[in-house]
Every structure is written in C-alpha cells, then in structure tokens.
Amino acid sequence: MKVIIGLGNIGKEYEKTRHNAGFIAIDLLLEKYNYSSVKQEFNSLIYTTIINNQKVLLVKPLTFMNNSGLAVRQIINFYKINLNDLIIIHDDKDLNISRIQFKKDGSSAGHNGIKSIINNLQTQNFYRLRIGVNQVPKEWKIVDWVLSKFSDEELNLLKQSFIDKIEFINDFTNNKTFIYLMNKYN
C-alpha cells in the first residue's frame, strides 16, 4: 500500500491559499484517479484508490497545518506503513510557483506542518513533494504570505505544473526508487 498525504488547512477561508498547495494536489490526483471510497478517520479524509494494482490512500489531514503530524502518525501506525511508501505533499515558499521538487530527508525549513510530522514520527526520513508557492516578498510576513490566496494566474500555473508531473504516481506505485523519481521529475 502507498500513502500520499497533502498538507493544508481546513475551511473555506483557506481554499486557494498558498499553504493549501498539498490539498490542491490531492484534489488534482482525485480528478485523475477514481477513488472507490472516502472515509473520515484518524483526523483525516482518506480516499482509497487502486493504481497499477496497488492500493493507494490519498489523504487530507483535518488537523490544521501545524498539527498535521498527529494525523500522519495515526495513519502510519494503523496501516503499518513503511516510510518508503509515504509521500508528503506540501507548499514551499523557497521555490518558484512553477517548480515542483521531490526531496528526501532534511529539516522542516521552517514549515510548521513538516515540523509537526518530524516531531510525531521522530524522524526526518520520509519523502516529500515540495510545491513552489513563490518566495515571500520583503514587505510581507511569512504567515501572511502562506495564508494569502493565489491569483487565478498563479493557481492555474501551479495546477498545470503539478499535472505535468502527475505521472510520478505511476512510477511511485510501480515501486521505482525515490532517487529515480528525483532524477526523472526534479
């Protein structure tokens, strides 16, 4: 089984915000791959689909960004997921909006959702798909920037950039190595 978790904040007021890039990515995956069921458990919405004869959980934590690790830990523990079978999708303020990058390991780089996951899993050793949301303008505070809404042009660019790389899920479910994914899609 593979698990792909997109980070974001719940609620209408957070839709289309930079911090919800992970939720936007999960929505794009749900549009492409039919899901057989959805349930709310482990502080998350969990969508189940089959890709390449592999069960895949597409997940949106309902804990708000700063507590994402709680939901991730509950899912990992319940389903006994190997961390090599997990990808966390999140926004990255250090990447341009059209940039999507795979990463393994490393610090949170100030991202509170990733920090929560590291604290709850007690490791930095998990795969990430970073979605660029543009650098914080000098006159903005970081929190205000990541909670600001994308312009229509930015949102379309973000979605198209993700769609251009959406086939990563086929390689991931075919058990390609993460180094292969980084070399092919970064």
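Going from the start of the chain as shown, residues are counted 1 onward.
Just so you know, glycine gets a Cβ as well, placed from its N, Cα and C.
Features of the protein shown, as given by Swiss-Prot:
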| type | residues | note |
| --- | --- | --- |
| SITE | Asn9 | site 'Discriminates between blocked and unblocked aminoacyl-tRNA' |
| BINDING | Tyr14, Phe64, Asn66, Asn112 | tRNA binding site |
| ACT_SITE | His19 | active site, proton acceptor |
| SITE | Asp91 | site 'Stabilizes the basic form of H active site to accept a proton' |
Sparsest-packed among the recorded positions, when each Cβ's other Cβ atoms within 10 Å are tallied, from Asn9, Asn66, Asn112: Asn66
Residue from His19, Phe64, Asn112 whose C-alpha is spatially nearest that of Asn9 (site 'Discriminates between blocked and unblocked aminoacyl-tRNA'), among the recorded positions: Phe64
Which listed residue (Tyr14, Phe64) has most other Cβ within 10 Å, given these are binding-site residues: Phe64
List of residues, in chain order, with Cβ under 8 A from that of His19 (active site, proton acceptor) and at least 6 apart: Leu7, Gly8, Asn9, Met65, Asp91, Val133, Val146, Leu147
Cβ-centroid neighbours of tRNA site Tyr14, Phe64, Asn66, Asn112, 8 Å, sequence order: Asn9, His19, Thr63, Met65, Asn67, Ser68, Gly113
DSSP-derived class (H/G/I helix, E/B strand, else coil) of Asp91 (site 'Stabilizes the basic form of H active site to accept a proton'): strand
